[in-house]
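To keep things clear, I will list the structure first and then write my remarks on it.
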Amino acid sequence: MGAGASAHGEGGGDKEEVLGFDYNALLEKEAALPDDAADLEGRDLEDVKAEVVALRKLCARTQSAREVDRLNRSDILAQKMDSHSFRGGSLNAMLKNAAGFVDDVLKDGYENLPPSKRYQGMKNLQDFLKSPALNVILARKNVQEDLRKQVEDQDDDAISDYIIGHYASSNSVHDVSLVRERAKTKFTNALAKLKGRFMLNQLIGANKKQDVRKRTASFMASSPHLSHLKIDDTRKAKMELVLEKMGDFNFDVWELVPITNNQPLLVTGMELFKRWELDTRLDLKDDLIAKFFSALEAGYLPNPYHNSAHGADVMYTVNSFIQASTSMHDSLEATDLFAALVGAAAHDFRHDGVNNAFHINTGSDLALRYNDISVLEAYHAAELFILTANDKTVDIFSCLDTNQHKEVRKIITNAILGTDMTKHFNHIADFESRLAAEKAINENPEVAQHSGTEQRLDKFIMIEMALHCADISNPVKDIMVYKKWVNVVMTEFYQQGDKERDLGMPISAMFDRHNSSVTKTQVGFIEFIIRPIYRVWGDFIPELASTFTENLDAGKAFAWDEWFAKEQESKTEAIEEEPAAAIAEAAATAEDLPDHEVPPKMEESQSTPSM
């Protein structure tokens with residue numbers, strides 16, 4: 001009987017207890033069975049067959065276990081226990097740098113380290129903990145540390161039994177993938193705690209926000225470059241109070257308009273760059289940041305809705321998504337944050353207050369230039385890079401090296417082009433499928449081996465989705481903030497409708513001031529556009545999911561027609577008119593300022609929306 005003879009030959013020798021039974025006795029019993037079970041007489045044939053099959057399977061499994069155990073044990077014992085874990089020069093260097101940073105933090109305190117050392121140290125630590133080689137090494141280390149404990153007080157047979165009993169799966173002996181996953185989970189948890197202690201609490205914690213807020217307000221008040229803003233002590237104090245509210249998802253950027261002389265984008269950009277300490281991390285001077293956002297703000301036209309306040313709101317909302325989302329916060333580097341914020345701030349740069357359909361239907365120069373494809377979005381992205389290329393004094397990208405600039409430009413252009421509403425439902429389907437793929441991989445890591453990068457979430461996809469969701473985020477904000485945006489967006493819609501009427505064109509749906517319902521417009525927008533995409537986005541950012549749902553429900557239930565009619569009848573003036581007059585006066589006298597640094601006077605419809 002081939003199987004029995006083979007097993008007996010391999011298993012000869014002294015009696016051994018490997019898996020809790022007499023191995024040699026088992027082989028002798030199996031070898032004594034007839035070659036052909038069908039020749040047996042006086043016994044139930046099926047019982048004999050079952051016994052033969054069971055014994056042969058057991059022998060084969062035992063022999064395989066012994067062989068694997070022998071090879072594994074020889075390999076483990078041949079290594080030096082004290083030096084096996086971190087082999088290879090690059091990994092050793094990463095470990096040394098990461099350990100040095102942790103030692104410095106424990107010794108001197110995170111806040112007492114120089115900024116450059118803090119950020120380089122965190123980067124070294126993250127690179128080390130994200131190293132693919134580390135998971136394998138940790139798995140081996142985990143196995144060997146357990147074995148070391150066994151070696152101290154047990155013999156080889158016990159170690160063999162321990163390996164097979166503790167690390168065996170249903171399919172194989174010594175399944176290292178199980179150990180690797182256990183080690184990965186432990187280190188992921190450790191990294192989260194470390195970030196919670198050293199990064200989140202320090203970079204965006206209450207004490208840090210207090211310092212940053214004062215720096216931003218002080219710079220606005222003292223910089224010669226911003227003298228046209230005329231931020232006196234009173235306005236500076238008000239600015240500090242408003243910036244203190246930043247951190248709340250429902251933050252209202254319109255509060256910044258009157259106290260910054262219609263420069264909400266400049267102040268929001270400076271504040272967020274400082275909160276993420278991008279000035280330090282990317283070696284950006286305050287003057288350059290201010291000049292860039294001033295130029296960007298001046299390029300926004302005085303439209304009722306598509307103005308610099310909208311740019312500031314979208315930038316702040318993208319920031320809120322990143323701050324709340326563990327996935328985004330953990331995966332985005334300084335240059336990625338930079339790209340996300342700049343792209344959001346510039347996403348409607350030089351918008352003229354009418355939509356793509358109007359440009360295409362009228363055959364505008366922009367529609368001809370961009371072949372009727374994502375006309376305004378392509379224009380906004382191009383104008384941003386033309387601005388910084390033509391004027392080095394506002395070139396915010398000068399802090400980047402060639403490779404960084406290439407990647408940042410890709411992130412920004414992809415994200416801005418992604419705000420084209422014709423891509424809305426594709427965004428939902430694509431992001432939902434990627435989320436499902438990520439979930440499947442997290443539940444079963446082996447799936448990752450068979451999934452291409454096109455199925456995974458990456459920073460390009462996350463930032464593109466974040467900007468698109470932020471661009472249409474008004475309905476997921478608190479109803480008091482949402483109403484302000486409805487006021488100006490309907491005003492802009494009606495202005496386009498008036499232009500279409502004057503040109504003898506069909507008036508776009510929702511754009512006819514004489515024949516439209518604000519309630520139907522907003523409820524339809526919520527139910528058919530916003531709720532579907534924010535259901536998916538809420539799955540990705542569960543930290544904000546309940547806020548999205550609560551605010552959408554409030555917006556849907558609101559009596560929009562009655563409210564809007566009263567707004568139109570009362571024609572309530574802006575909260576504060578003096579800032580607009582001050583800007584006009586400063587523009588007339590600021591001969592030493594480049595044109596792009598003088599903010600345009602807002603039209604009445606662009607002033608802070610009345611409530």
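All positions are counted from 1 along the displayed chain.
Backbone N, Cα and C define each Cβ position, glycine as well.
Counting Cβ atoms from all protein chains shown, HIS306 (active site, proton donor) has 26 others lying within 10 Å of its own Cβ. Under the heading active site, proton donor, TrEMBL lists HIS306.
The AMP binding site feature in TrEMBL is assigned to HIS306, ASN307, SER308, ALA309, HIS310, ASP348, ASP471, GLN522.
The local packing around ASP471 (AMP binding site), expressed as other Cβ atoms within 10 Å of its Cβ over all shown chains, amounts to 21. Residues or ranges marked as Zn(2+) 1 binding site by TrEMBL: HIS310, HIS347, ASP348, ASP471.
Its Cβ placed at the centre, ASP348 (AMP binding site) has 26 other Cβ atoms within 10 Å. The annotation Zn(2+) 2 binding site is assigned in TrEMBL to ASP348.
Per TrEMBL, compositional bias 'Low complexity' is recorded for 580-591.
If you look up TrEMBL, you'll see 593-604 marked as compositional bias 'Basic and acidic residues'.
Local packing around the Cβ, expressed as the count of other Cβ atoms within 10 angstroms, is greatest for HIS347 among the binding-site residues HIS310, HIS347. A straight line from the CA of SER308 (AMP binding site) to the CA of HIS347 (Zn(2+) 1 binding site) spans 10 Å.
Between HIS347 (Zn(2+) 1 binding site) and GLN522 (AMP binding site), the C-alpha separation comes to 23 Å. Neighbour density for ALA309 (AMP binding site): within 10 A of its CB lie 28 other CB atoms from the protein chains shown. For the binding-site residues shown (ASN307, SER308, GLN522), fewest C-beta neighbours within 10 angstroms: GLN522.
For the pair HIS306 (active site, proton donor) and ASP348 (AMP binding site), the Cα-Cα distance reads 7 Å.
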